[in-house]
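One structure is given here, and the rest of the page talks about it.
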Amino acid sequence: MGRVCSRGKAHWNGPGRTSSIIKTGICSLNGRYCTYDSETTDEEVKEHGGFDEEEPEVDSGSEMSSDGDNPFTDDFLQGSDDGEKGSDVDSDSDVSDIEEKSRAIDEEKAREEEDAEAELQLNIKEEADEFRLLTKEELEEESHRPPDLPNLQRRIKEIVRVLSNFKSLRQEGATRKDYIEQLKIDLGSYYGYNEFLISVLVEMFPVVELMELIEAFEKPRPICLRTNTLRTRRRDLAGVLLNRGVNLDPLSKWSKVGLVVYDSQVPIGATPEYMAGYYMLQSASSFLPVMALAPQEKERIVDMAAAPGGKTTYAAALMKNSGVIFANEMKEPRLKSLTANLHRMGVTNTIVCNYDGRELPKVLGHNTADRVLLDAPCSGTGVISKDESVKTSKNLDDIQNSSRLQKELILAAIDMVDANSKSGGYIVYSTCSIMIPENEAVIDYALKKRDVKLVPCGLDFGRPGFIRFREQRFHPSLEKTRRFYPHVHNMDGFFVAKLKKMSNSKPTPTASKTSETVDQGPGPIDSSSVKNAEGDFQQHSKERAKKENSRGDFRQHSKERANKENGSLENGFPENGKDEFPSATIKRKKRKVPSRTEISKAREEKRQDLREQKRKSFMDKKGARKKGASIK
């Protein structure tokens, strides 16, 4: 039950156990010298009585000495008392030693932390001092050697670090321009961009965000599926694909039909569900233009650049195969994929046509569509992760040519939309480019040339478009446009804008001039011939006003110039033989557009005539065969 030492204390060992007693030695429980009898049991421990007091034990010792008159016992007991006093002193000294050692350890630890912090600051200072911009001779020498990729990567990181805290880390005598020029050279060498494209990206983004964007372009985007709601539901499709070994999740909260695929044990583009048209392989960014367009049932929709059919089939699914969609594609080889996807997805309300998008107003008619989707051809600078040739193949001329084509296409799209549509009157413009001349500059041009305004896209994420960039100033409403980046939204670089057509009339140059003074700040946007003509007109009008000092002559001259420009630059105006623009609008309003029922009736009559002609020709051939047989 307990262990009894010479101090008269009982040390607990546990119930029912005996203690193996050593005669003399250090007690394992209190760290002091103790003397023990032989093995003690629970009964022997109880006989000692006062375990908590030291006096009874001392008395018992004295009785033993008096009875037995044993000097060895007296000496032993006396020695034990002296040892007890010495042990108290030793224990106090041990405690003080432990405290001193603990304080020494704490002081040493604090000293090490101070030394580590000082060394860290010294290393940072040495690193800052180590990096120096290369001289012209060193750059020339480096250009003749193969690129040292680890050295380029280290130098890029150092330049980014310096530019992020330029005042304190810059090299004496070096300007920010020097660092940026060196950064352009290193980024072009390390990632494979040409000088033009990397210069534009450096101007558009801060250096830290630029590095995130470039790194995002080096990684592929997630594989996404769009559920075809004409054939199935997303929940059912996800269950079937999971059973086939496809690891997937819902795309995001903003999409009710999207699925993102992480990995698959089967080819995701060759499953029976894919062949049956249950889903479409489509990037997440391609969902956005159709969501912004928001087509309604029984509407007349035009998709000006439809191939390979992802956006067209999505619009058809939203319309539940009602109404009509004109899916136009200019490049004839791409019509095969467009028609194949339309058939596979079960779309029945779409008419495929092959025209130049700029000529569509002449084919389909002016002011005849409820909504128009223009996913314009562009430079593809937002999808570098899919096509790395963009890094080196695009230059300033390509961007300007794309911008010029996009301006012509967006004017054609606006001309096709009916401003008086009860449910529509909207144009959605989108590109897979992040270049400002292909996006904000095109929308700003459309705002000047047509009576349209920007409206919210209906997308609750994405960055707003630029309203100013370097010397350029755009309409303030361009904040309603949306930009999407791979390093921010984990999708391809994309631009989406939604326009509402206010009237079917085209404004005169004078009207566009007044709208510029109200809504638009100064600053050149592009160098197209139409803008140059408009600038010449304004300058010439001012000079005429100063020379003639006659308001009436100036107005007459401006009307004549307006008529000339409208005749030479704008397509689709009816020829009216008069100089006044309002008369053209009056005649256009009087122009009667046939209704859909009339058009369908006329088509049916043509079909009946064709059938009748075929039947007659067949009967004639049959009669001729009979005559020939009778003659034989």
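Placement of Cβ uses the backbone N, Cα and C atoms for every residue, glycine included.
Per TrEMBL, the stretch carrying the note region 'Disordered' among 1-21, 169-189, 295-315, 463-483 is 1-21. Recorded residues Ala307 (S-adenosyl-L-methionine binding site) and Cys432 (active site, nucleophile) have their alpha carbons 14 Å apart, per Cα-Cα distance. Helix, strand and coil residue tallies for the compositional bias 'Basic and acidic residues' (598-622), in that order: 25 helix, 0 strand, 0 coil [DSSP]. Counting every protein chain shown, the Cβ of Ala307 (S-adenosyl-L-methionine binding site) has 23 other Cβ atoms within 10 Å.
The two recorded residues Asp356 (S-adenosyl-L-methionine binding site) and Cys432 (active site, nucleophile) have their Cα atoms spaced 20 Å from each other. In the shown protein chains, 23 other C-beta atoms lie within 10 A of the C-beta of Cys432 (active site, nucleophile). Mapped onto DSSP classes, the compositional bias 'Basic and acidic residues' (98-112) shows 15 helix, 0 strand, 0 coil.
Rounded to a whole number, the distance between the Cα atoms of Cys432 (active site, nucleophile) and Ala305 (S-adenosyl-L-methionine binding site) is 13 Å. Non-local neighbourhood of Lys311 (S-adenosyl-L-methionine binding site): Ser286, Pro289, Val290, Asp303, Leu373, Asp375, each in the same chain, at least six residues away, with C-beta under 8 Å from its C-beta.
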